[in-house]
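Report on one structure; see the data block that follows.
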């Protein structure tokens, strides 16, 4: 590595050498993160907004696609199957680029990076949530359906009182896992210039040559955001298990 740095003019530039020398473990300065906290907070807000937009798009879409997929045959089932296959196969970054660069010419007007990126994540979210919900429903024992029919329960009551609670309990762990992945996936919006937490941290690190401090701060920030979500999901899962038991 040392020999490579000597050969590469970019890596051996005086400015970059000063950066490496001035940011050793003995010269950390996290006060600069605190001084730029307002800018980082703006990034947190944009990250959460993009997450909420993607979830608002993806959650009802996933429920609708799940209902279509459970039909097994017919036009609706085939359409849902094709949708899920397509949007689970396209890399999220490619879809974000397509929405940002190709969607505006088709619509005839400009679309913001925040909306186009969140829309891309929302469409992908719908595909994955469809399969998560469908897996939860199909994991419910067939005897539950038979018991509901034996009691002459209406189909709506069967879904709401028998199937949905059990399917929700089974779907919560993968659902929460995907939510955390979606939240982390919002960092991809930085590639189209959305000033989320990831991009804010990188820009501030580049401006101050304090990459270690800002990238450490962003890692801690994502942990603070995601950890309560996981804990809350565990609480809900225990409540559902207790209610079912």
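Placed from the backbone N, Cα and C atoms, the Cβ positions cover glycine too.
Marked as domain 'ABC transmembrane type-1' by TrEMBL: 40-233.
Annotation comment: TrEMBL describes 47-70 (among others) as transmembrane segment.
The transmembrane segment annotation in TrEMBL covers 82-101 (among others).
As annotated by TrEMBL, transmembrane segment applies to 107-129 (among others).
The feature transmembrane segment is assigned by TrEMBL to 211-230 (among others). Remote same-chain partners of the transmembrane segment (211-230), defined as residues 6 or more beyond its termini with a Cβ less than 8 Å from a stretch Cβ, comprise 23, 28-30, 32-33, 36, 40, 44, 47-48, 176, 179-180, 183-184, 197-198, 201-202, 204-205.
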Non-local residues, at least 6 beyond the ends, that sit with Cβ under 8 Å of the transmembrane segment (82-101): 65, 69, 111, 113, 116-117, 119-121, 123-124, 126-128, 130-131, 185, 188-189, 191-192
